[in-house]
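What TrEMBL annotates here:
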- 8-152: domain 'Flavodoxin-like' (DOMAIN)
- THR14, GLN15, THR16, GLY17, ASN18, ALA19, SER61, THR62, ALA63, GLY64, ASP134: FMN binding site (BINDING)
- 226-475: domain 'FAD-binding FR-type' (DOMAIN)
- ARG375, ARG405, ASP406, TYR407, SER408, GLY439, LEU440, CYS441, SER442, TRP629: FAD binding site (BINDING)
- THR483, SER549, ARG550, LYS555, VAL556, TYR557, VAL558, GLN559, ASP591: NADP(+) binding site (BINDING)
Amino acid sequence: MESNPGKLLILYATQTGNAMDAAERIGREAERRGCPVAVRSVDEYDASSLPPEGYVIFVVSTAGQGDVPDSMKAFWRFLLRRDLGSNWLEGVRYAVFGLGDSAYQKYNFAAKRLDKRILDLGATAIIEKGLGDDQHPSGYEGALDPWMLSLWGMLYQINPKFFPKGPDFSNPDAKLIDQPKFQITYNNIEERNYQSSTLSDLEGLELQIERARSMSGGKSLRDKNKPDCFLRMIRNYPLTKPSCGKDVLHFEFEFVSSAVEYEVGDVLQVLPTQNPEAVDAFIQRCDLDPEAFITVHPREMENRPLEARMETSEMPIKLRTFVELTMDVASAPPRRYFFEVMSFFATAEHERERLQYFASSEGRDDLYKYNQKERRTVLEVLEDFPSVKMPFEWLVQLVPPLKARDYSISSSPSAHPHQVHLTVGVVSWTTPYKRKRRGLCSSWLASLDPEQSMGIYIPAWFHKGLLPPPAPTLPLILIGPGTGCAPFHGFIEERAIQSMEGPTAPVMFFFGCWNEENDFLYKDFWLSHSQNGGVLSETKGGGFYVAFSRDQPQKVYVQHKMKEQSKKIWNLLREGAAIYVAGSATKMPADVMSAFEEIISTESGAPKDIATRLIRSLEKASKYHVEAWS
């Protein structure tokens, strides 16, 4: 029998918070069975420390098109070092649980690559990797629950000292929730030399956002607290016909703070404003003082000297401001652990029993139907369980963070100096119980009237997306159905300007929509550039091709239009063209890739597997780019 195994190390890499939730849940379940654990983010862990670890559980989400999360990039680069031998992790036992979405082509790719690499470095797998799927009726937890049971059983077989009373024992007398991670300090503002009144409106808003985000419980280590800039909306007009089933809008913004340099293909992050009535209702439901000035800091700091805490935490902020800038109270559904913690603060027996059921494995599917499928908000859940009085510290930890939303930029800075444009589909849907839902950020932007919102400053951040700006001499094949056309609107604006300054390479663009009359986004723009020697014209070696999926009995999509131009696409690929794909992640990217494989195979006479390898070589050469979203 092995000696005491020490702690079980759980490392997670998260992009949106799901992997952190899963890792913490694994940690809680292990502790309830008597096993000591340490749960850490990979960006807080030194990868060179892995060899002495006895048992490591990795929980990893997949970002973008099969990428590792941002928090894992440095860790992953270290693991790929060539000087790490095949026995570097000999003696280490490990398990991998991945979080992904099978609607994406590279489903759980990050977890699969990590599992293979750890194995190649000499570690021994405790159990087969687990793959959580957002498409499962219960989300990733549909795979996590049975995977954990297998993990406990295998760990007990390897070393029974992990679970002194067996892997199925869970201490009923143990306190199942610890203290919350965060501590709230209520400040007497008159004693703190609070001087925000001397700032301008813009400076005051910037300071409030920076303070609130620096203290937020949902903040990633890589988040930027301070906005890159503030924007003002100057145009807002529809791109689709009313009542066509889609609501797509064109937004134009000007910089009201210092302008930020950006490139075509970049992404704009917008922090939305929540409904003030919902924020007030949340504060009232939780019996909070909206005028109180608070500071929020991790609980592990509470034993440090006051001076050290003052240096780390920000100046105080109004509680209402903190809630409206950091806590998504009326848009995102809470996670499973929220219901478990609620059960400890429910004073009504029937509410406590229902919450405990929702938090159990048996109630997982019913919770999914109640919560995720209906997209119930935190405010709605709290209103459904009126006896629950949850401390604000727990709310800060468990209420989903208010996240900035990513949008592909649809303008060229060369064509529109001091401006940035977006093409946004207003998100709306009906739940299984016929409740109407709308996306928080898209519906808020749609509600802004440029004539009436001169004093509304929109906090924004810029970052690189997955579509690098192409050189003017690079031939392009662009595929962007629906709002996937947004980045390519900027590409064409940019290349039109470049064509006035020198020679440019051909551009083929494949666009798709439902109907020519209803949702042909930017119709006049595309047609103007496809005629009279424009950058999309056939006389320049390119072309503009549209698939109207519902204008005839049989459905026609972009991949059908691509196959009609098979020879031209093949010739452009032979000239070194780069492929850019943008739009819905559901089926389109896979269908487009299959079309390319068929075109290459048909035109070259090569077998399908050779065509597939050619596509892979284009990806490795950074000539096949995909930016897709759910």
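Even glycines carry a Cβ here, placed using N, Cα and C.
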**Item:** Spatial neighbour of ASN18 (FMN binding site) that is closest, considering only the binding-site residues ARG375, LEU440, THR483, ARG550 and their CA atoms
**Value:** ARG375
**Complete:** A correct count of other C-beta atoms within 10 Å of the C-beta of ARG550 (NADP(+) binding site) gives 14
**Prompt:** Hey, what's the widest CA-to-CA gap across THR14, GLN15, THR16, GLY17, ASN18, ALA19, SER61, THR62, ALA63, GLY64, ASP134, the FMN contacts in the record, in Å?
**Reply:** 15
**Message:** If you count, for each of the binding-site residues ALA63, LEU440, VAL556, VAL558, the other Cβ atoms lying within 10 Å of its Cβ, which residue has the minimum?
**Reply:** VAL556
**Complete:** Cα nearest LEU440 (FAD binding site) among binding-site residues (THR14, THR16, SER61, VAL556, ASP591) -> THR16
**Asked** binding-site residues THR14, ALA63, THR483, ARG550, ASP591: which have a Cα within 10 Å of SER408 (FAD binding site)?
**Response** THR483
**Distant-in-sequence Cβ neighbours of SER61 (FMN binding site), under 8 Å, six or more positions away** = ALA13, THR14, GLN15, THR16, ASN18, ALA19, PRO69, GLY98, LEU99, GLY100, ALA110
**Request:** Could you say which of the binding-site residues THR16, ASN18, SER408, SER442, THR483 has its Cβ with the most other Cβ atoms inside 10 Å?
**Result:** SER408
**Fill in**
In the domain 'FAD-binding FR-type' (226-475), averaged pLDDT is 92
**Message:** Validating a neighbour-count step here. Other CB atoms within 10 A of the CB of ASP591 (NADP(+) binding site): how many?
**Reply:** 17
**Asked** How many Å lie between the Cα of ARG550 (NADP(+) binding site) and the Cα of ALA63 (FMN binding site)?
**Response** 32
**Asked** Cα-Cα separation of VAL558 (NADP(+) binding site) and ASP406 (FAD binding site), in Å?
**Response** 25
**Message:** I'd like to know which of the binding-site residues THR14, ARG375 has the most other Cβ atoms within 10 Å of its Cβ.
**Reply:** THR14
**Request:** Have a look around ASP406 (FAD binding site) and count the other CB atoms within 10 A of its CB, chains all included.
**Result:** 15
